[in-house]
Amino acid sequence: MLYALATGLSAIFTPLNALTYLTSRIILGALTALLLSIFCGGKMIRYLQKMQMGQFVRDDGPKTHLKKAGTPTMGGALIIFSITVSMLCWADLRSVYTWLALFVLLGFGAVGWTDDYLKLVKKNTKGLAAKQKYAYLSLVALLTALWLYFLADTPIETTLIMPFFKHFEWQMGILFIPFVYLVLTGASNAVNLTDGLDGLAIMPVVLVSGGLCIFAYLSGSANFALYLHIPAIAGAGEMAIFCAAIAGAGLGFLWYNAHPALVFMGDVGALSLGAALATVAVVVRQELAFAVMGGVFVAEALSVMIQVGSYKCRGKRVFRMAPLHHHFELGGWPESRVTIRFWIITVVLVLVGLSTLKLR
């Protein structure tokens, strides 16, 4: 809205042109989401406390987590609100990518919100039935995959790009649809599994969104894309604003989620953020680079798959407890050490992911 207003009034007051540049809108998108998240966070926490929407803690997990019982959750709604307002202010509302991003964010967020609501308000400790939850997530992911497939104007928009290789590409055709479906559902659940310690999931989300913001900015420029041998995607610049808003809202949420956390994001935040990052990666054709940058999320998800598979096949567990962060906790690592080391790993992985821009 503010972008459209600045565009319309720039002919009368030329300094407003500065607000129409993509770089300006990226910065303003991040700042808007950050400030909204910080200033609205306190009120949301008090509301959640008043409504007694406190976290349920399993008694078979690390004993240090028992003190977290009752901490307000569903704080992810604050993140979604901040991102949405920021996008409506600074993104180009004529761009289909703006609405695609919001559709995924709100769609996955709605499933997570329903799950959290049933757990916390209706006191149904299991929330949505597993099949129900999977069906709803699958529906949103499949609609997104179909949207992107039929939106594609050029073959490159449905081509899988291999990092570190300049000419290794695979035109997926109709297989693009199930591929996108798997990327979205996989990423959303991976972030959800990572969200088990104070600040553990949100900082990697911020860091990965920063990396994807750079990819989106460069892919949206035909000149940069040609120089770097990456796909040129018209309109991808709006996804850079989306990434900036995610990073800003995430940092604002971390203000309250840092140890000891005053609020947790819940499924409403984790599912939506994972899918949002995956959507950006799909649009800019950097799914494999996204897997590298989000290596912490991948490791957390794989640890659960390995643990379950090993127990079912051999009757033995590979890890002390899954997801992976609990394995280290039960090994004697303090919560803050696990969290910060996972942050450091993510910084390194994001840099490795960005290095694919030149190392080909």
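Here the Cβ of each residue, glycine as well, is placed from N, Cα and C on the backbone.
Annotation comment: Swiss-Prot describes 19-39 (among others) as transmembrane segment, evidence class sequence analysis.
For the transmembrane segment (73-93), the residues of the chain that approach it from at least six positions outside its boundaries are 1-4, 25, 28-30, 32-34, 36-37, 40-41, 44-45, 48, 53-55, 99, 101-102, 105-106, 109, 112-113, 116-117, 120, 235, 238, 241-242, 245-246, 248-250, 252-253, 256-257, 263-270, 272-273, 276, judged by C-beta separation under 8 angstroms. Feature annotation from Swiss-Prot assigns transmembrane segment to 73-93 (among others).
The transmembrane segment annotation in Swiss-Prot covers 95-115 (among others), and the record cites sequence analysis as its basis. Here the transmembrane segment (95-115) has Cβ contacts under 8 Å with residues 74, 76-77, 80, 83-84, 87, 127-128, 133, 136-137, 140, 143-144, 147-148, 151, 184, 188, 192, 235-236, 238-239, 242, 266-272, 274-276, 279-280, 283 of the same chain, all six or more residues outside its ends.
Proximity of distant same-chain residues to the transmembrane segment (136-156), defined by a Cβ-Cβ separation under 8 Å and at least 6 residues beyond the stretch ends, is recorded for 96, 100, 103-104, 107-108, 111, 114, 128, 171, 174, 176-181, 184-185, 188-189, 231-234, 271, 275, 279, 282-283, 285. Sequence annotations record features per position, and here Swiss-Prot assigns transmembrane segment to 136-156 (among others) based on sequence analysis.
The transmembrane segment annotation in Swiss-Prot covers 173-193 (among others), and the record cites sequence analysis as its basis. Away from its own ends, the transmembrane segment (173-193) comes close to residues 104, 108, 112, 137-138, 140-142, 144-146, 148-149, 152, 158, 160, 201, 205, 267, 270-275, 277-279, 281-282, 287, 290, 294, 297-298, 300-301, 304, 323 of its chain (Cβ-Cβ under 8 Å, at least six residues beyond either end).
The feature transmembrane segment is assigned by Swiss-Prot to 199-219 (among others). Counting residues 6+ beyond its ends, the transmembrane segment (199-219) has Cβ neighbours under 8 Å at 22, 26, 191, 225, 228, 230-233, 236-237, 239-240, 242-244, 246-247, 250-251, 253-254, 257-259, 261, 265, 270, 273, 277, 280-281, 283-286, 289-290, 293-294, 296-297, 325, 338-339, 342-343, 346-347, 350, 353-354, 357 in the same chain.
The transmembrane segment feature in Swiss-Prot is assigned to 233-253 (among others).
For 263-283 (among others), the entry in Swiss-Prot reads transmembrane segment.
Under the heading transmembrane segment, Swiss-Prot lists 288-308 (among others).
Cβ atoms under 8 Å from those of the transmembrane segment (338-358) belong to residues 163-164, 197-200, 203-204, 207-208, 210-211, 214-215, 218, 228, 230, 259, 289-290, 292-296, 325, 328-329 of the same chain, restricted to positions at least 6 beyond its ends. Positions annotated as transmembrane segment by Swiss-Prot, on the basis of sequence analysis: 338-358 (among others).
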Same-chain residues near the transmembrane segment (263-283), Cβ under 8 Å, at least 6 residues beyond its ends: 41, 44-45, 48, 55, 71-80, 83, 97, 100-101, 104-109, 111-113, 115-116, 127, 137, 140-141, 144, 148, 180, 183-192, 194-195, 201-202, 205, 208-209, 212, 215-216, 233, 236, 239, 242-243, 246, 250, 253, 256-257, 289-290, 294, 297
